C-alpha cells in the first residue's frame, strides 16, 4: 500500500500562508498545547481527502479560510485589509511503486471547492474514485477517527453499529436497489394474490348461480301452490266479512232505537239539574263573599295578636318588678314599725325615769325631815368635836375597819362586776337563742322560697327548651322546604327563559285557578286534561286542537254560564267552555284508521281519562296526524279524504285545501311545557304557604327578650336567696358558736364568783367585830350628846345619816346615767326611723310608678282584647252565616247529586249503548275496509278472484274515505249506513260447504298456517330468477381472469428473482465485512487488554439480531475486560468502554484498511496503563503498509512514535506553525 508523505496548507483555518507539514513516518504523533491548531490539522487531512465541511466544524467552506489579526511590534493589532479569499490543502501520497501522487482540494473566491490530482482538475467522483483505489473510502471515512468518535462508537446502538458495518462493507450502496426491488416484489405478489382471490370469487359465484338456477325452478312450483291456498283463504275471508257486515248492521239499527228513549229521559233529568245549579251558583257567590269576609276578619285578628302578646309580656314583667318592690317595701315598713315602736318605748321610759327622779327627791326631803337628821349649828359643832376625839381613840381600830371596808368594797365590786358579767352573758345567751330561733324560721322561709324559685326556673327552662326544640324542628323543616323551593324556583327560572307568557295569558291562567276554587265542576283546560303519547306529536296535537287548545272543560252547561258571567265581571277576555253534559261529538270515522302507514287519528295519539272522551273527540274530530308533508298532501289532494291533516311540524291542511301553520309559528306545543310550568308554580305557592305557616308557628316558639329576662331574673333571685340563705345559715352557726362561748365563759366565772362571795362574808364578819369595838368607845364619848339631842345612841344617828346620804348620792347618779343612756338611744332611734321613712317613701313612689304602668298595660290589653273579642264574635257570626249558606249548598248539592246519579246512570246506559253502536259501526267500517282492502290487494297483485258481477278494475286503487259511507247525525236515531261494493259480486261457488259454515278463528288459523307454510318455504328459497343469464356472464369473466392470473404469477416470479439477486449481493458484502470484523475483534481486544498479570487479556465478540438479513437488524458488541464477568457496554467504566471501542475501530479498519489511519486524541479518557497498551499496539502494527498519525497530549503515547509533528501558536503572526522531528535516531 501507499503512504502519506506530507501536507501542504495555505490559509486553511488557523494556518496562515503556505506551510509544509511533515514528513509523516509509520507512526507519527502530532503534539502541541491546546488551541495551537492540532484539530485544525486533523480537519486539513479530512478536507483534502474529500470529507464534507459539515464534519469539519463549519457550515460552509468559506469558514475554513484563514481569518486572523496580525500583532504589530507596538503591541497593537490590526486586521489585514487583504484577508485571503482562497485556501487549499495538498496531500503528497506515495504509491506502492514508489511514484508520488499529489491530491489537492482548494477553496475558490466564490466559495466553491476545486479538486485536483497532480494539478489536474477532476470531478469529485473521480477524486473519490482515485482515493478508493488506494482503499481510502471517503464516505465510510475509514482513514480517520475524530475527537469524541471513540466515545460515540462505545455508546452506539445495535442498529447504528449495523449501519456502520454497512458503510464499511459497501453493502449500503445496494440499499436503494434492494428497497426498490422489494417494493416491486411485494406489489407483484399482492397483484398475483389479488388475481387469485378474484378467480376464487368468480368460481364461488359460478357455483352459486348454478345452485340458484335449480332453486328458481323449484320456487316457481311452490309459488303456484301458495297462490292456490291464498285464493281459498281470500274467498273464505270475503264471504265471512260480508256475512258479519249484514248481521252488525241489523244490530246497530236495533240499538239506536233503544238509545232514543234514554236520550229523552236524560234531557228531562238535565233540565232539573240546571235549575238546581242556578240556585247553587247564587249560593256559591254568597259563600265566596262570606269567605272573603272571614279571611279578612281572620287577618285582622291575626294582626292584633302579636301586639296583645307583647303588651301581656310587658305587663307580666312590670308585675314581677312590682311584686319585688312590694316585698322590699313590706320589709322596710316592718322595720319602720319596729323602729317606731322601739322609739316610743324609749321615750316612755325617759318620761317615767324623769318622773321617778322627781318623786325620789321629794321623798328624800320628807324622810330627812321625819328622821330629824338636820342638826343645829352648835350641835353640829359639838358633834364634830366629839367625832374627832372618838376617832383619835379608835384610830387603830378605824384604820383596820377602813381596810376591811375597803376590802369589802373591792370584793363587793368584783362580785357585783362578775355577777353583772354573768348576767350580761346570760342575757346575751337568751337573746342569741331568740335570734337563732328567728333565723331558723327565716332560713326555713328562704329554703321554701329557693325551692319554689328553682321549680319555677326549671319549669321556665323546660318551656324554653321545648320552644327551642320546636323552633329547631320548624327551622330544619323550613330549610328543607326552602331547599325544595330554591330548586323549584331554579326550575321556574330555567323554564321562564324559554317561556314568553303574555299578561293576558297570565290573567287567564289566574282566572282558571279562581274558577276551580269557586266551582268544583271546573275540570281544567283541554291541554291540561290530555297529553300526547309521544313528545314528537306535541306540535301536531297543538295544531289539531287549534282554537280549542285553551278551551275549559266543565261538567254542566249551567256551570259554564256561571263561569262566563264571572269572567265578564272580571273583564278577563274571551274564554271557551266545553260543557260535558251537552257537548255534541260525532263518532270517529273508523275507516281513517289504517288509511296510510304514515298517518294515524289524532284521538289515537292522546292520553286522557275515559270521562273526557266525548270532549276530546269533539275537539280533534277525524283529524289525521301525518309523519311528513308528503303523506299529508297525498291524503288531502290525491285520496281526497274529507278530514283535516296535520304534519308533525304543525302544518295543517284544512278540508278546503288551505295550508296553515308550521314549526315557525306554532307556539301552542309549548303549552305542555306551560302545564309543567303551572305545576311548578303551584308547587312554589304550596311551598311558600307551608313556609309562611311554619314561620307563624316559629314566631310562637321564639324566645323573646322578656323570656330571657324572666329566666335571668329567676336565676338572679335564686342566687340572691341562696346567698341570703348562706348568710343566715352562717349567722345561725356563728350565734350558736357564740352561745357556746358565752356558756363556757359562765362556767369559767362561776367558781370565781363563789370564792368572792365567801371572801366577802369573811370580810363582813371581821368588820362587824371591829365595828362593835369602835361603837363601845364611841358610846362612852357621845353618851351625853345623845341624851341631850334625844337619840338612843350615836351609832344609830351615824348609820342613818350615812346611809341616807350614800343612798341619795347613788340613786341620783343612777338617774343621771339612765337618762343619758335613754337620750342617746332615743337620738339614734329617731335617726333610724327618719332614714327608714325616707326609704319607704321612695319604695311607695316606685310602687305607684309600676302600678301606673301596669294599669296602662292592662287598659291597652283590655282594649285590644275587646277589639279581638269583638272581631272574633263578628268572625263567629260570619262563620255561622257561612255554615248556614253552606248547609243550603249541601242540600242543593245533595239534591243535585241524586239527580246527577240518575243522569250518570242514564248517561252510562246511553254511553254503553253508544259504545256498542260505535263498536258495531267500527266493526262494520273495519269489515268494509278489510273487504275493500282484500279486493284491492287482488287487483294489485293480479289474484284472479271469481266474480259473478262486475270487475276488479272498478275497485279504486286508493282507499276511499268512509265519511260518505257511514255517517251519524246529532242523534243516534238517524243512521245512514251504506256498503259500497262498486258493482262487484264475488262468486263463492268454489268455496266448499265446510268453509262457508265455519268462520271461526281456528279455521282462519288453519288456512293461515297452510298459507304461512307455503310462504315461509318461498321466503326461505329467495331465488334469483336471473340466475341463468348471470351464469353465462360469470363463465366469460372466469376465462378472462385465468389469463390475468397467469400473467401476474409470472411477473411476481421475475420480481422475486430480481430481489433475491440484489439481496444476495447486499448480504455477501455485509457478511464478508461482518465475518472479518467478528474474527478480528477478539484477538485485537485481547492484545489491547493483556498484561503481565493477565496475559490472556479480555474477550470481545459481535452477535447479529437478524441472521437471515443482518443489515435489517442490529449488531450487538460485547466486551469482557480481564477477570471480569459479562456486563452490558453501558455498565463498563469509561476506560473499559474506550478500550473496547478502540478494539472495534481497529477491527473495522482491518477490513479493507486504508494506507494510513489518523486518530484524534483517542487516549483522552484512558489512564497511563491503557495509554501505554495503545502505544505498544500502534508501535507493533505500524509499518510501511499501515501508517498511523496520532494527535495526543500524553507522553506515554507520543514518546513511542517514530516522528513528532509539533504545533505551536505564532502570536506575532496569529497563526499555527509546525515543527517536525524524527525520533528514530534517538535511543529510548
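Placement of Cβ uses the backbone N, Cα and C atoms for every residue, glycine included.
Summarising the annotation, Swiss-Prot assigns ATP binding site to 32, 33, 34, 35, 36, 37, 38, 39. Per Swiss-Prot, coiled coil is recorded for 197-510, 710-783, 814-926, 984-1068, and the stated evidence type is sequence analysis. The annotation domain 'SMC hinge' is assigned in Swiss-Prot to 522-635.
Counting Cβ pairs under 8 Å that are 6 or more residues apart, the coiled coil (984-1068) and the coiled coil (197-510) reach 3 or more and are in contact. A sphere of 10 angstroms centred on the C-beta of residue 39 (ATP binding site) encloses 21 other C-beta atoms. DSSP gives residue 34 (ATP binding site) a coil state; it is part of no helix or strand. Summary of the ATP site environment: with the site residues 32, 33, 34, 35, 36, 37, 38, 39 set aside, the chain residues having Cβ atoms within 8 Å of the Cβ mean position are 40, 1207, 1209, 1216.
Per-site Cβ counts within 10 Å over the binding-site residues 32, 33, 35 peak at 32.
Cβ neighbours within 10 Å of residue 36 (ATP binding site), excluding its own Cβ and spanning all shown chains: 20. Sorted by the number of other CB atoms within 10 A, the binding-site residues 34, 37 start with 34, the lowest.
Counting every protein chain shown, the number of other Cβ atoms lying within 10 Å of the Cβ of residue 38 (ATP binding site) is 24.
Residue counts for the domain 'SMC hinge' (522-635) under DSSP, split into helix (H, G, I), strand (E, B) and coil, are 59 helix, 20 strand, 35 coil.
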